[in-house]
Amino acid sequence: MKHILALVVFIISFFCFKDVNCIKDFQLSPIESPLTALNKYDKFFLRMYNKMPRLEQSSTDYINGINMKNTIFVLYFYAKWCHACKLQGPELDKLEKNFGKKVHIIRIDIDNNEEIAKKNFIKALPTTIIIKNKVILAKNEHFVTSNELTSTIRKHL
């Protein structure tokens, strides 16, 4: 009886798997290197990611009366109702004391400035963006200590 049952299972499994290709017939594609040269579309999107939209439309390179050339700006996006933003504020105050006029911090309340938040793709709060010469140096979408911000800024001064 056991032999008959084993034979029936073997015959049924043979008919069930008759359409499955044999492993010998399967052709493996050559392994591609994960590091490939950037194509023109990748370069375009990389350039778009690194360039920062202007805060105010003007023919000069000034934001709020401050020349953007060789100046580091910290854009700080927050909301009054955000608990982590309330913790981030004092950290930025420490940063202002450390660097003085070398670093300019612009605080942007997303409840009052929704357009700017949309242009900068703000998805989480608090968000801190460090910019120099209109290029994003760092973007943090979480709470960041003043020591972490200081080390990032010192690399680019």
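From the backbone N, Cα and C atoms, a Cβ is placed for every residue, glycine too.
Note that this is a predicted model, so its numbers are computed, not measured.
Take the candidates Cys22, Cys82; Swiss-Prot pairs Cys85 in a disulfide bond with Cys82.
Per-site Cβ counts within 10 Å over the active-site residues Cys82, Cys85 peak at Cys85.
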